[in-house]
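Participant: Per Swiss-Prot, the features are:
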| type | residues | note |
| --- | --- | --- |
| BINDING | C74, C77, H148, C154 | Zn(2+) 1 binding site |
| BINDING | C286, C289, H383, C390 | Zn(2+) 2 binding site |
| REGION | 74-154 | region 'Zinc finger 1' |
| REGION | 286-390 | region 'Zinc finger 2' |
Amino acid sequence: MYKGWDSEALSIQSEIVNEILLYCYLTPQPPIPSETTTATSPTNIENEISNLESSENLEELKRLSVALNIDRRCNICSIVNLCLKQNKSWIYDYSLLCYKCNYAPKTPLSLLIVSAEFIMLIRERFPNINFDGLFQNNIVSIFDFHVHFFIHRCFANTVNDHIQSENITLNHMAIIRSTLLKEDSIPHIKIKKFLTKKMNPKKTQSPELNKKLTVPMKTRFTTLLFYMWSGTNVFDRVPFTDLTIRKHRFIKNLYSNKTDIELTAGPILLAQIPFSITKNKTTSVCLLCELMAASKQDYLFLKYLHQSIMDYCQNNLKMIDRVQFVIADIFEKTKIHMHVKNLSDYSKAIFDNEFSFSDDNFTLDTHVYLILRQTGTVGVYKHFFCDPLCLANCKTINPEVLFNTTDAGEIQDLKVTICYRNEYLSIVEKHVWLAIHLFKAFQIIKPNHKNKTQIAEFLKDFTNLLALHHFDIVDPIFTVNYYV
């Protein structure tokens, strides 16, 4: 019985999971020798971008970007149509998947879960149809899932302004394609028109449906989270040597036409901006957004952490100091750092996860401790107070939908109700997501005179747009220059 967002069905041994991960790695080209670059050169964003440009397979990138054309059919919609011709009742499971996706944060982990569950649903329900080799045979790419479930949201309610919706999707695609192909500029998208967009009150929740989801699931994806980003710069301060070796061995043993993968970048094509970079102790993949999508326990801890920072004291401390003091207090209270000391490999600590602290306010175990250790004070500060994508994810997620189900005897009725009510509501407006996507692209682009002018023009309107939609955030001018 399909329940959605079920970690028991998607373990790190899952062939579907590992197949998706494999095809979300980029294939490197042989490195190009350079007399000006040495092994001891200081690492900065300009050097990293330059190195990436010379190492990635441009032919593969061009092939992947085919899915980012507005006049190309949606391959996921085509598969859905094929499945419905075989068995119309299949749409009920698909509707539950879409409903859960609707309240999921836009993170690589969320996209991996949605993609894996979709493939699992079609393979298990239609064994007479050959759905093997979807990625290997270029039937789909991960960008088909990006567009279908998180950008255009093909399953969602019909909007009145079809052309504006089409143009927003077109702009999203252009942003991804320009960053994927490492172009020198970002598409010039004017967001000022969204400031005059009429703000009509709209429904953002389905309380009648949501109240049916009352049974907590024992779902938790933190092990998968460590697995997918082990051996990458996302975990550059917390090594997982054995876990990384296991992952690389597993995905390389899959039958595939990929002969080599860019290991340190990880499955970066799962990210909203498919570009692996670090800057000022932040990475282009936010682990705290990933953690939100992992379980209700982890979501509630992050909610407690944020409230503790806000309530820390009545004095006018800077937010970064509040973050540092609160995390130090939590570590001192939980004592997990006493058991999980400096190790050369934390893989065993992940699988054992034997140390945990819980009280009336929060639960913290080895998994969360290691993620906080990796993100550090700056990463927590950026997530809660600086990054508009993180804040949009916080607004979007509904843990009661993602991590709950209903009684076994009622779940089919729930799926039917979801299907016929067709309420896939957008919490954050589609044009706001576009503006945030553009902001994230500006964070990683190589600076030049043209880009600086474009960024300055964009930020003026972006700041006003965030205020209009009640995004209480540190000045984006700071964030766009200092973090990724």
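Cβ atoms here come from the backbone N, Cα and C positions, even for glycine.
These numbers come from a predicted model, not from an experiment.
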Participant: Could you give me the DSSP helix, strand and coil counts for the region 'Zinc finger 1' (74-154)?
Facilitator: 53 helix, 0 strand, 28 coil
Participant: Show, in sequence order, which residues other than C74, C77, H148, C154 on the same chain lie with their Cβ within 8 Å of the centre of the Cβ atoms of the Zn(2+) 1 site.
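Facilitator: Close Cβ neighbours, site residues excluded: N75, I76, S78, V80, D144, V147, H152, F155.
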Participant: Of all the binding-site residues given, C74, C154, C286, which residue's CB has the most CB neighbours within 10 A?
Facilitator: C286
Participant: Restricting the comparison to the binding-site residues C74, C77, H148, C154, which residue's C-alpha is spatially nearest the C-alpha of C390 (Zn(2+) 2 binding site)?
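Facilitator: Result: the closest of the binding-site residues to C390 (Zn(2+) 2 binding site) is H148.
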Participant: Do you know offhand how many angstrom separate C154 (Zn(2+) 1 binding site) and C289 (Zn(2+) 2 binding site) by C-alpha?
Facilitator: 24
Participant: With an 8 Å cut-off on Cβ distance to the C286, C289, H383, C390 Cβ center, who else from the chain surrounds the Zn(2+) 2 site?
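Facilitator: Surrounding the site, in chain order, are L287, L288, E290, M292, K382, D387, L389, N393.
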Participant: Between C77, C289, C390, which of the binding-site residues has the fewest other CB atoms within 10 angstroms in the structure shown?
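Facilitator: Per-residue Cβ counts within 10 Å for the binding-site residues C77, C289, C390 bottom out at C77.
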Participant: Residues with Cβ closer than 8 Å to the Cβ of H383 (Zn(2+) 2 binding site), same chain and 6+ apart in sequence?
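Facilitator: Result: C286, L288, C289, T375, C390.
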Participant: Need one number: mean pLDDT over the region 'Zinc finger 2' (286-390).
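Facilitator: Summarising the region 'Zinc finger 2' (286-390) by its mean pLDDT gives 95.
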